[in-house]
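Features of the protein shown, as given by Swiss-Prot:
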{"type": "BINDING", "residues": "T230, S231, E232, E284, S385", "note": "L-serine binding site"}
{"type": "BINDING", "residues": "R261, K262, E263, E348, I349, S350, S351", "note": "ATP binding site"}
Amino acid sequence: MHDIEYIRKNPEGFEKAMKSRGIRESTAEEILEIDHEKRSLTTKLQDLNRQRNEITEEIKKLKMSKSPCEEQIELSKSITNEIEAISLKEQAEKDKLVNVLSNLPNIPAQDVPIGADENSNLEVRRYGGKRQFDFVPESHYELGEKLGLMDFEQAARISGSRFTILKGQLAKLGRALINCMLEMHVNEFGYTEVYHPALVKNEAMYNVGQLPKFSDDSYLTTDELRLIPTSEVFLTNLVADKIMEEKELPIRFTAYSECFRKEAGSAGRDTRGMIRQHQFGKVELVSITTEDQSNDELERMTSVAEEILKKLELPYRVMLLCSGDMGFAAQRTYDIEVWLPGQNKYREISSCSNCGAFQARRMNTKYSSETDKKMKKYIHTLNGSALAIGRTIIAIMENYQNSDGSIAIPNVLQKYMSNDTVISK
C-alpha cells in the first residue's frame, strides 16, 4: 500500500515511478481526485457533527427550562439523516481509494535500473566457473527419466500438466536439500524455523500484495481459503497488526513449504521438465526490520542464499532487477541465477526482495523508536527463497551429471543421504 501523503506532495514523482513499473494510466491524477472528494466529504461530516452536537446541547438547555424545542429536534433529525447519507458517500470514496492503491505496485528504490523487462537487469557478480564437459550434457528431465526416478507421464495422468513425481534417490535428494538448507539457516544465520499451514485467509494474501491483483494466480478453496504461493505469505503475517519495539528487530523466520501457483501467464513456457510447476517445494527467508537497516538486511539475506549455492559448488550470478521485472510488492530485488548446462543458460533459483513499508501499511504493523516511544514507524519487510528445492535438484542433476547418466552427490549433502556419493540406476 502506498503513503497517500507522499502522493499528495510528489504526484509527478509517483506518476514517474508507476510508469517505470509498467502502469501507463494517469494514476496520480485519479488518486488525488478521489482523495480530494473523500477529504471534502470528511470535512462536511466534521462540520455536520459539530452542528448536531451544538443543537443537542441547545435541546438539553431548552428542556431544562421547559421551553419549546420541537424546531431544534427536527433540525437535529435532518442533520442526522444528512450525516448518514454523506457517511455512505465518504465510505464509498475511501473504498474506491483503497481499491486503486491496492492494485498499484511498490515504488522502486532510487538505485533500481529503469526498464521494462529482464533485458534491463544488471549483473552484480558471478561465482564459480562453468564445468567443461567431455560429452554433451543432458537436461534434467532426460537424465531423470533415463534413471527411472522422474515420472512426468504418471504425474500428468493422476494430477494433470505441470506436476512431477520424484522417486528413490531423487526424492531423497530433495529431502536432503530441505534438511541442509534449514539447518544452515537456523544454526549458522540465526533464523527461527517455522512449520505452518498451507492454507490462508484472503486477508493474509492481501497483506503481502498477492490480492487483489493476482487473485487468478492462486488456488481458492470452496470455503474461501487459499493455498499459499510461497511461505512469505504466512511468515510475514506472523507480525500483522502489531506494534513492536525497535529492540525486538530484526526478526528472522525460515520455513519449508509446498507452494501452489496456477502459472496462469506461463502458457507455452517451460512445458518440459520441472522448471515451472503448479506445486513445488521451497525454503523461504523472511525478515522484519527497521527502515534504517532494511537495505543491509537485503544484502545479508542474499548472501545467505548465495552461501547455499557455494556449499553445493554450483556456479551462479546475481542480478539486480530493473523496475519492470520486480515483483509487485518489491522496491529492490536481487535474483540469483544458477547455471544449467543442459539448457546452456542461467535460470532463477532465488529471488530476494526488500519490500520497504509497502506490506506493513497493508497489515498495519509498526514499531516504536528506542529514542522516542511515542514515535511509531512502519516496519520494513523482506523475503527471499533460499532455495527453491526443485530448481536446486535440477541444478545438481545438470551440473553433476556423468557420461553414463549417473549423478554425483555434492559433498555437503552426502551425510543427509546415508553417505551415498552417486545417484544411479
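Numbers run from 1 along the shown chain.
Glycine residues also receive a Cβ, built from the backbone N, Cα and C atoms like all the rest.
Positions of Swiss-Prot features highlighted on the structure.
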residue	record	contacts (Cβ under 8 Å, 6+ apart)
T230	L-serine binding site	S257, C259, K282, E284, N383, S385
E232	L-serine binding site	V208, E284, V286, N383
R261	ATP binding site	D217, S218, P229, H278
K262	ATP binding site	D216, D217, S218, Y219, H278
E263	ATP binding site	R162, D217, R276, Q277, H278
I349	ATP binding site	L309, Y316, I336, E337, V338, S385, L387, A388, R391, T392, A395
S350	ATP binding site	T302, A305, D335, I336, G384, S385, A386, L387, A388
S351	ATP binding site	G327, T333, Y334, D335, I336, G384, S385
Per-residue Cβ crowding (10 Å cut-off), top of binding-site residues E284, E348: E284
8 Å Cβ shell about T230, S231, E232, E284, S385 centroid, L-serine site members excluded: V233, L235, A255, S257, C259, K282, V283, L285, V286, N383, G384
Span of R261, K262, E263, E348, I349, S350, S351 around ATP - largest C-alpha separation, Å: 19
Largest separation between Cα atoms (Å) of residues that the record links to L-serine, namely T230, S231, E232, E284, S385: 9
Close in space, distant in sequence - S231 (L-serine binding site), Cβ under 8 Å, 6 or more apart: V194, H196, A255, Y256, S257, C259, K282, E284, V286
For S385 (L-serine binding site), the number of other Cβ atoms found within 10 Å of its own Cβ: 25
